[in-house]
């Protein structure tokens, strides 16, 4: 059962012009159309023209029945010249009339604007009428319920200011629900999809209806429903789609209108389905022996429309046999008869009859006619031949017979194959002995057939016993050329090609012969295949290539992290492979052979062990060296020394650069500088720059270096700052100073002073142990002292000559110590005194004054003592060694160096003459070399510098 609604409503659109008097814009309206036209003049005086038109759209006629509802879709548009765009009054009349200049009738709805108040019209309900529109353009109404007396004309009056309009609406109310309309296509054909439409000119929201279909024993494809309610159409519609059969011809289709499961009305139509003729064929008998007769009949069961001609066509296996007229017997079924005499086996097959009408050609079912006869001469079909060894082969004995043969006899090379009586002979895994000629014979209950011909089974097999042979009498070495040959025993069919694996291994000189140029150490096993219809592969053969050790590299076994001085270090020589496996290991450091063996061990590694290492591995083929492996030993700073640039004695006012030289890995990241008193100079750079220099800068300096592994410290290095010539030139005239004056200067400088015996000079020793000399005017006594100084100078030269001869004799004996002395010649060494200061040599009651170095002709010398030692010093050249007590006799191993230079004096003792800068100060330093351990420094050390 199917429910669907269709509603169709005719639409009417009205446009009316109202001619009004020209004399007055407020004159009384005059009738311009009869009442039944639906067009009425309104009480509005206006000039006649297109701009004075009202347009109202709604369905022309609406249908319903008592108890239902009706919805009137409505749209309106006011005259274009009207300045007011909203409605004031809306009235709905029933069966109205226009009498005495106004409309009269039953008012179903009245919504009139009062004063300046404008009420909303939408969903405004009065009794049975609900206004669903608005004051702008919608005038839709709904009446529920509908009474039988509502049939007739409704009048819708619209008022906006001085513009008025009356619209006529036709309402048709039937006494009972009217039936729907069923629309059928002009022609319905079997097996062609067709759509039937059931429609009802009714639709009202709030009063739902359903359209239900009823069609006997038919497969319905789809049902669709729709409801339309607009100013053009109001309807409910349902569409039924199905594919009719010829048996649906004459059946009834029904559409019912239902509301709340109650059938209100219904409509029934009868189907007229067009189809081709329906035929039925009969064969008697369907099985016949060869030589007997057969009768066939063709009956026309039904046809719509009737047959176009009284002819039936007979077909065998789809080919036309003949045409035959139908036998007519009043209104009885029409039948055609076909008789086959003396049936032969060629008459077996499928038979069919056909007939036509205006729709097309109809055909009966096919009926098979079987002719019985003994088996015909047989033949054998082999699937497949030639057959590959190991495959499954099927042999079929073909022999036409009716009925089919029930017993078969198979022959192999004309010998019966026992145990096989079926139509098919199965060989699951064919082998070489299965090859040969096969035949068969078939038998049914009518007799046995003869052998027609034999079939040959050819068995193919792949090459057998395939091997790969290496043609070489000596072991194959890396880089050699190798020849390989592919061999086999037998094959069917013959071998046509060869293959080698891996592909591209070498070049094939001729079929089955492969040449490999420059065999690599990692050559993979090679195998060959001999191919006919299929390839047979030999087992892989290894070339067994001999090669030198490969991937040699240095492996650090321990420690696993960075290498530090003093640790145990183990290096190992590793390699990935060698053939033959017997190998030897060698180690080189910086290109020089170190040792033989796989492991290189350092029990306590030192920085001197750092360098570039290689390990070599060799066998009977050759030797392979590893990449250079750099051994980096990390150690704390050592061998620190302070170097002074430009030299260690610099004139006051100049500049000097002290550099801290060191040996450290990793590099030093922090430097610390100390003066002679051990005070931190708070400078962290590698180079300490002093500019401008002062006498107070004189003294010893040492540096300290720090890296991630520790701290190292240098020995002290002395910097001497002396007064330059410019400072002495500031004294233009002789002057005298008193002792009290000198004492005052010393107190200000925090120094002490002393007077040398027999000299007219006073030396002041400052806190930095650098003497400051003051001089007094020359005197006869001073001149005598200078003469004595000259004699002493000559005496010193003689002493030096004597000592030089002694030194020459012992030069070879002390040669091992010479390098140490030379390395230490550029450094300043200091004699450490005891904690208690010694009394100055010139201390005592002497003549007052200051000693001027530039005005003194004395000769100073230094004595360097070299103690004899049979062993080398254990410390570095810059490391102090233990000093023994010096010998007192002249035969001791002592060398004295004397430096004698006469000063060029001016007229005054306190004024130096113009002379080169290097002659301004002369001094010598006391250095001690030798074995042993030096004494530890005391808390206070006096540094003594000898000058003259």
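Even glycines carry a Cβ here, placed using N, Cα and C.
Listed features, source TrEMBL:
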DOMAIN    180-272  domain 'Ig-like'
DOMAIN    277-370  domain 'Ig-like'
DOMAIN    375-458  domain 'Ig-like'
DOMAIN    463-544  domain 'Ig-like'
DOMAIN    549-630  domain 'Ig-like'
DOMAIN    637-720  domain 'Ig-like'
TRANSMEM  787-805  transmembrane segment
REGION    870-894  region 'Disordered'
REGION    927-948  region 'Disordered'
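Per DSSP, the secondary structure of the domain 'Ig-like' (180-272) breaks down as 3 helix, 54 strand, 36 coil. For the domain 'Ig-like' (463-544), the predicted model reports an average pLDDT of 93.
Secondary structure by DSSP for the domain 'Ig-like' (463-544): 0 helix, 35 strand, 47 coil. Taking DSSP states H, G and I as helix and E and B as strand, the domain 'Ig-like' (549-630) has 3 helix, 46 strand, 33 coil. The helix, strand and coil residue counts that DSSP assigns across the domain 'Ig-like' (637-720) are 3 helix, 49 strand, 32 coil. In the domain 'Ig-like' (375-458), helix, strand and coil residues by DSSP number 3 helix, 42 strand, 39 coil. Counting residues of the domain 'Ig-like' (277-370) by DSSP class, helix then strand then coil, yields 3 helix, 60 strand, 31 coil.
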